[in-house]
Every structure is written in C-alpha cells, then in structure tokens.
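J.: One structure, pasted below without further comment.
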Amino acid sequence: MSEIIEPLVSAVFLFFATLGTGLIPVLYMTKLEEKGGDGMKYLKYLSDFGIGILLGTSCLLVIPEGVEKFGEKGGRGFGISLLLGIVILYGLDRFLLALQHGDILSGWWDSSVAPEPLERKIDLFNPRKTFPYVVTNNIVFALVIHAFADGLALGIAESYDSLKFVMLIAIIIHKIPATLSLVGVMISKQKLPKLEVVSNLIAFSISTPYGLLFVVLMRFVSKDLIEKMSDGLLVLSGSSLLYASLLALIAPSKNHQDHQQQTQNGGEPVPLQNSEFELDPGEPDLLQKLAEEPLPDFRLLLLGITIPLFISFFTLE
C-alpha cells in the first residue's frame, strides 16, 4: 500500500508547492510589472544555488549509485544508459525547436492559428485552450519538458531507499528558482495576461507529478520489467539531470539581442533552463556569445554542490 501512497503524496505535494510558489508573484503582478527586473533581482542567486544542488545530486548521488549497481553486474550497459539520458533529453529539445518553427504539425493543434484567448477562469481547465499557449512559448514548453523528466527521475529513485528522499528535496529546491524565474519572465519580460501566466504555471506545476506517477503506473503494469531496468533507468535519470544542470549552467538566455536589451534595461532574470540555444550564421561565435552571458555565481554554485556532497557521506552503506 505504501508503494501507492508515498508517490501519490509526493506528487500532490510537488504540485501544490510549485503552484503556490508561482502564485506568489502572480498575486503581486502589478507591483512586479512596475519594478521590472529590480523586483526579481535576487532570483538569479537562488537559481545559481539550485543549479549547484542539481549538478551535485546527479554527479555525487544518482550516478554513483548506478555505478555501484552496475559494478555488481560487471559494468555492462552502464555507458549505454549514461549516454541514453543525454541523447533523449537532447532529442526532446530538438523536437521542441522543430515544433516551435512549424516543422512538426499536429492535427489537434495548428501552429498557424492564433490560440483562443483565455477570458474566464474556467478556461484554465480547458486543454484545447491552454495547450497552444504552452507549446507556443519556448521558455514555458522547455521547462515543462525538463520538469517531466525530473518527475521520471524521481519515480525511478522511489525504488532506492537511499535516494528517494534526497531526490525529492533536490527537485523541490531546484523547482523553486525555476518556478519564480519562469513566472518572473512571463510577467516582467513577456508581459503576458494574468490568466495566461496562471495557465502556463499550472502546466509546469503538474508536469513533474505526471512524470512521477507515470513511472509508478508502469511499475504496476510490469513490475518485473521495471525492476530489471531500474538500474539502467537510474543511470539514465542521473545523466538527464546532469544534462539539464549543464544546460542551465552554460546556456545563454533567449537570444543575443534579448541579452543586449536586458543589459541596457539594468538586467532581467534568466530562466533556469532554456532549450532555445542555437547559433545562426549571422551571430557571434560560441565562445564570444558565452563570454558575454552572465554565468552563475561560482560561490553559490559550490554552496549548492556541498549539500549533496554532505548528504553522500550519510547515504554510503
């Protein structure tokens, strides 16, 4: 019975914690619009700290646990699992870009048609109205995809007593700056209507619980298969978390022009993750582009890494 209750409680807690965190700036939307970037100036510090925790969790807790498990089997399949996590998330990012550019069209949603406006609160519960807003917003959809991957990683970690609590804490701390950053960008930078902000926030909040419950459901459908694949899935989830943290560490903001505009305006918060990073022929080279982008604070990054490092000494058997 605990196999159902614990993940369900975690999923419900994650949803309401994320939604509640994001609703705080929404309630003060007018004041944040007046303050602009200054109203979210401490958000980057929290984001840098969250990146450090995510990076440390993947490298110091999740992947080493997978190394230990695969070591008992002679190490076969470890490299494939490690590579798959990176390739799958990269593929999702490329799919996102193709969808945004209109290369992939769905019969359910036509990218050439403007989304129906959200006029009433009841529209927030209409997927046909809310889904196009999520898909047509690069920042929102990228974060929803990565949040779903976080849920998958958390669901896989449920099979490991030494990891599930640490993973839950790491993802919660990781989602706080991501949530505030996302809402801050939608309010102060994208100037979205309040109902659209809440709609995108709900999609982001529910994506991680969906990923968690999906793994739990698959475990009940084929428990033997999940148990056989659990070690590989653990390493896969670790490498996907590593990919997400490295992407957040080095990826520039929405584009080069936005960064120049932000610099002129006194700076605005950068979302924790963004899959929109690609170089066009007319843009500066990679090194120049990265050099001009404000990188995470090294001290906060190290502080975030020390937390999973400290925890790792207590999870050793």
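Backbone N, Cα and C define each Cβ position, glycine as well.
Okay, so TrEMBL annotates it like this:
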TRANSMEM  12-30  transmembrane segment
TRANSMEM  42-63  transmembrane segment
TRANSMEM  75-92  transmembrane segment
TRANSMEM  130-149  transmembrane segment
TRANSMEM  165-185  transmembrane segment
TRANSMEM  197-221  transmembrane segment
TRANSMEM  233-251  transmembrane segment
TRANSMEM  298-316  transmembrane segment
J.: Going through 12-30, 130-149, 165-185, 197-221, 298-316 one by one, which has the most CB pairs that fall under 8 Å from the transmembrane segment (233-251)?
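T.: Maximum Cβ contact count belongs to 130-149.
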J.: What stretch of 130-149, 165-185, 298-316 shows the most Cβ pairs under 8 Å to the transmembrane segment (12-30)?
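T.: Selected stretch: 165-185, with the most Cβ pairs under 8 Å.
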J.: Does the transmembrane segment (197-221) reach the transmembrane segment (75-92), going by 3 or more CB pairs under 8 Å (6 or more apart in sequence)?
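T.: Touching, no - the transmembrane segment (197-221) and the transmembrane segment (75-92) miss the threshold of 3 or more Cβ pairs under 8 Å.
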J.: Name the range, of those listed as 75-92, 130-149, 165-185, that has the largest tally of Cβ pairs under 8 Å with the transmembrane segment (298-316).
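T.: Stretch with the highest Cβ contact count: 165-185.
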J.: Near the transmembrane segment (75-92), which residues from the same chain, at least 6 beyond its ends, have a CB less than 8 A from one of its CBs?
T.: 63, 66-67, 145-146, 149, 231-233, 235-244, 275
